[in-house]
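First the structure, in the form of structure tokens, and then the observations on it.
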Amino acid sequence: GGTANLTCRVDQNDNTSLQWSNPAQQTLYFDDKKALRDNRIELVRASWHELSISVSDVSLSDEGQYTCSLFTMPVKTSKAFLTVLGVPEKPQITGFTSPVMEGERMQLTCKTSGSKPAADIRWFKNDKEVKDVKYLKEEDANRKTFTVSSTLDFLADRNDDGAVVSCRVDHESLNSTPQIAMQVLEIHYTPLVKIISSNSWPEEGQSIILTCESKGKPVPEPVLWTKDGGELPDPERMVVNGRVLSISFLNKTDNGTYRCEAKNPIGRNSTEYVLIVHDVLNTLLPTTVIPSLTTATVTTTVALTTSTTTSATAISTRDPNALAGQTGPDHALIGGIVAVVVFVTLCSIILLGRYLARHKGTYLTNEAKGAEDAPDADTAIINAEGSQVNAEEKKEYFI
């Protein structure tokens with residue numbers, strides 16, 4: 001189908017004729033005179049130094065050795081071999097019958113004829129090349145061109161539904177523009193079912209929504225909801241809307257296994273969801289602990305104050321969030337606080353008693369010392385204190 005240009009040049013020529021002849025030794029042009037009646041052959045340029053012709057719409061029969069002759073004594077010749085490429089025909093894919101059931105074996109064959117040399121065939125699935133294929137090359141009846149075929153063998157899978165399988169023919173005559181045949185796959189398969197919950201920790205009194213997602217081809221029919229192998233026990237609280245099951249005001253009787261089933265003409269499939277309704281969590285606010293800790297820090301001695309303050313600090317630095325998550329009062333903590341308060345109170349009473357006893361003894365002693373010359377008890381105490389001062393002034397020191 002292309003055009004071949006044949007050029008014969010002579011460096012030195014003294015008015016000698018030039019001639020082009022075909023592989024059958026038929027004269028095509030003698031100088032500028034056309035010798036063979038073939039409309040595909042035309043003169044490009046004729047002079048004493050050059051004879052150029054063109055052959056358009058070449059075919060495989062034009063392939064062979066062409067001769068340029070210079071009629072001198074003796075005749076001089078130059079030969080050129082013309083190679084004609086066989087352009088492969090547009091490929092075709094056979095072996096596909098729509099639809100294909102999942103798990104069935106598929107054999108797709110791509111075939112092209114008329115290539116010379118033999119063409120190359122490559123398979124692609126969604127633009128990704130498939131390597132494991134069979135290749136067959138056969139010589140055509142004209143013994144010049146070839147018929148090439150390739151077979152793609154695989155098991156149908158649901159992931160292949162809608163995939164584009166293409167067969168590409170590469171050949172040097174196509175000028176980097178390959179010929180491609182395509183086939184879109186249609187795979188039928190049973191539904192794939194999945195349940196999605198709106199609440200990961202359902203508690204009593206709350207609501208939950210269970211969504212049944214089903215994917216299949218053909219499209220599955222409306223799903224069927226059951227509980228523990230039977231119908232839903234409370235239709236007023238358990239409402240089914242298409243693929244969605246809504247349960248309101250949850251309680252312990254709603255615990256159980258919920259099943260969602262979907263089907264299509266290919267088959268059916270189901271999945272389960274186990275519902276467990278939890279108790280409502282109680283929270284305890286740590287508001288009653290702070291006043292007790294405040295009263296425990298009031299003491300009368302340095303040692304007791306240090307001990308009590310340490311306990312109060314250790315308790316007050318506890319994480320409030322830890323108390324908030326308890327389900328009841330901490331009896332050990334309350335008992336410890338009460339013990340501290342009682343201990344502090346007893347120590348205070350003991351110290352106060354000792355102080356009063358010592359003060360009373362001093363009063364009686366002073367009264368006795370001044371009673372000899374004093375008319376009353378108060379005068380006796382004053383005299384005793386004065387005598388004590390004089391006694392201290394009369395102390396003697398020995399060296």
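Just so it is clear, glycine is given a Cβ too, placed from its N, Cα and C backbone atoms.
What TrEMBL lists as domain 'Ig-like' is 1-78 (among others). DSSP places the residues of the domain 'Ig-like' (1-78) in helix, strand and coil in these numbers: 3 helix, 38 strand, 37 coil.
Per-residue pLDDT, averaged across the domain 'Ig-like' (91-183), gives 93. Residues or ranges marked as domain 'Ig-like' by TrEMBL: 91-183 (among others).
In the domain 'Ig-like' (191-276), helix, strand and coil residues by DSSP number 3 helix, 49 strand, 34 coil. Residues or ranges marked as domain 'Ig-like' by TrEMBL: 191-276 (among others).
The transmembrane segment feature in TrEMBL is assigned to 332-352.
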> Do you know the DSSP helix, strand and coil residue counts for the domain 'Ig-like' (91-183)?
Replying inline: 6 helix, 54 strand, 33 coil
